[in-house]
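Report on the structure given below.
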Amino acid sequence: MASLQLYGVKTPGLALSSKRLEFASKGACFSVTLPSSSAVFRDVEHSCRNIGLRVSCEALRVDLLQRKEPETCDSSGTGKELTCVMKFGGSSVESAERMKEVANLILSFPDERPVIVLSAMGKTTNKLLKAGEKAVTCGVTNVESIEELSFIKELHLRTAHELGVETTVIEKHLEGLHQLLKGISMMKELTLRTRDYLVSFGECMSTRLFSAYLNKIGHKARQYDAFEIGFITTDDFTNADILEATYPAVSKTLVGDWSKENAVPVVTGYLGKGWRSCAITTLGRGGSDLTATTIGKALGLREIQVWKDVDGVLTCDPNIYPGAQSVPYLTFDEAAELAYFGAQVLHPLSMRPARDGDIPVRVKNSYNPTAPGTVITRSRDMSKAVLTSIVLKRNVTMLDIASTRMLGQYGFLAKVFTTFEDLGISVDVVATSEVSISLTLDPAKLWGRELIQRVNELDNLVEELEKIAVVKLLQRRSIISLIGNVQKSSLILEKVFQVFRSNGVNVQMISQGASKVNISLIVNDEEAEQCVRALHSAFFETDP
């Protein structure tokens, strides 16, 4: 009998008569019984020519040895992998005390090996934007006196001291922020690209402080900037989209590092890197949820946990009606509609990676961790469900577009929506009849602009549409969206109109979307909150 050991990067094409051939899943290791050594040695040597293998012959066994991938293991060496994402928003890490509570919360789940995603400390993003706006006009010599800059420095340095970590973990970023504001002041402009770079300091500092604290208390952690670990986006500054190349890149970095050092990853939410510009981009406000679900899909984790300051998804905004209740289960469709129409719990686009990866999302309250929260999955039993939640979207502009040209004609709707496309204005809710179209404009895409720009855009829009129709512009409207089982729309609408009639409210527009989970109604702004409270009482506090 004989044994061969082959060392190299490719498996030679050998024609061996074998009684036993075994392949490991990762190691490309085989054993084979041979009748003699000399003939096989010549065959192997010939087959391995130009492949770069070293061949040696011993007795008893043949092994092809190849470098094995490092096994993933936890700090106790048990070979365990990362299990979930835990994402915490700004209010959950707004102070040293809250960061300590979050750390204790994480440690209270000893069976979890989480990836942590953090937002900036509470109010930091708004303060950074305000500081940037002031820097444009204040002059270079006055940058130091910008109130918001002083607030940010004081908050983060105080937090470092109270956590008992070295201020050196954030000093470079505080100095970088100061220099950036000076640059903005010198240039006298704040571009979208610079705005994204400016707000990135918030997440970069919060994650460094939190990671340092975890290490201080003996829980090994490592900080990551999302834009350095593979979050590749479009170059649409302030509202970038994540590209598919992100998923393998993020997986390679996080899984590879975890397998080597078992340090809990602490990742910046909200941020990415433009694929052309290589500049820092942001995913839009609330984009930390999208960061969390993207990581969950990239790593194929068991669950994505989004920790907020409310007990999961609620039946309505508790600021409008304090008696709002927690919703135990949602589908991704329901969650997406809730987010789009104004619920502040989830980012509108954050559900897509979780849905694609079929990964449950659990929304919980970091102030009340024992509360069950809300679990969002691909499907749920809707047989007894009627209404899930009521969402209010304020300050909406409504357009009534009427023309007899619509009657029996084709192409009219195309002309209308081409006008919106040409002016870069998003449409929210749409309803049509034989001779008219009613629609609302997405305030998130319109009201974020300067007042003068908004007025000009609306004037231009009306002017263009009046070339083909009679246009009526109606402002100060609200959308009340009813999220639930639209298969029971007759029952829902019957109760809705009973409530509105008893409160003397007229519905100006109604739309049922193709999502099959949403009915939207348009009312005057001043009537909206009254309607939400009355609807909540009718659907959630009385017998069906």
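Cβ coordinates come from backbone N, Cα and C, glycine included.
Lifted from Swiss-Prot, the feature list:
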| type | residues | note |
| --- | --- | --- |
| BINDING | Lys87, Gly90, Ser119 | ATP binding site |
| BINDING | Glu203 | substrate binding site |
| DOMAIN | 401-479 | domain 'ACT 1' |
| DOMAIN | 481-544 | domain 'ACT 2' |
| TRANSIT | 1-84 | transit peptide |
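Location within the structure of each feature annotated in Swiss-Prot.
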residue: Lys87; record: ATP binding site; DSSP (3 states): strand
residue: Ser119; record: ATP binding site; DSSP (3 states): coil
residue: Glu203; record: substrate binding site; DSSP (3 states): helix
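Assigned with DSSP, the residues of the domain 'ACT 1' (401-479) fall into helix, strand and coil as follows: 34 helix, 24 strand, 21 coil. According to DSSP, the secondary structure content of the domain 'ACT 2' (481-544) in residues is 33 helix, 15 strand, 16 coil. This prediction places the mean pLDDT of the domain 'ACT 2' (481-544) at 90. Surrounding the centroid of the Cβ atoms of Lys87, Gly90, Ser119, where the record places ATP, the chain contributes additional residues within 8 Å, namely Phe88, Gly89, Ser91, Ser92, Val93, Val117, Leu118, Ala120, Gly269, Tyr270, Ser288. A Cα-Cα distance of 9 Å separates Gly90 (ATP binding site) from the residue listed as 'substrate binding site'. Annotation for Ser119 (ATP binding site): spatial neighbours Phe88, Gly89, Gly90, Ser92, Val93, Thr125, Gly202, Glu203, Ser206, Gly269, Tyr270, Ser288, criterion Cβ-Cβ under 8 Å with sequence separation of six or more. Just so you know, the Cβ of Gly90 (ATP binding site) picks up 22 other Cβ atoms within 10 Å once every protein chain is counted. Largest Cα to Cα distance within the recorded ATP binders Lys87, Gly90, Ser119: about 10 Å as a whole number. Its Cβ placed at the centre, Lys87 (ATP binding site) has 29 other Cβ atoms within 10 Å. Its Cβ placed at the centre, the residue listed as 'substrate binding site' has 28 other Cβ atoms within 10 Å.
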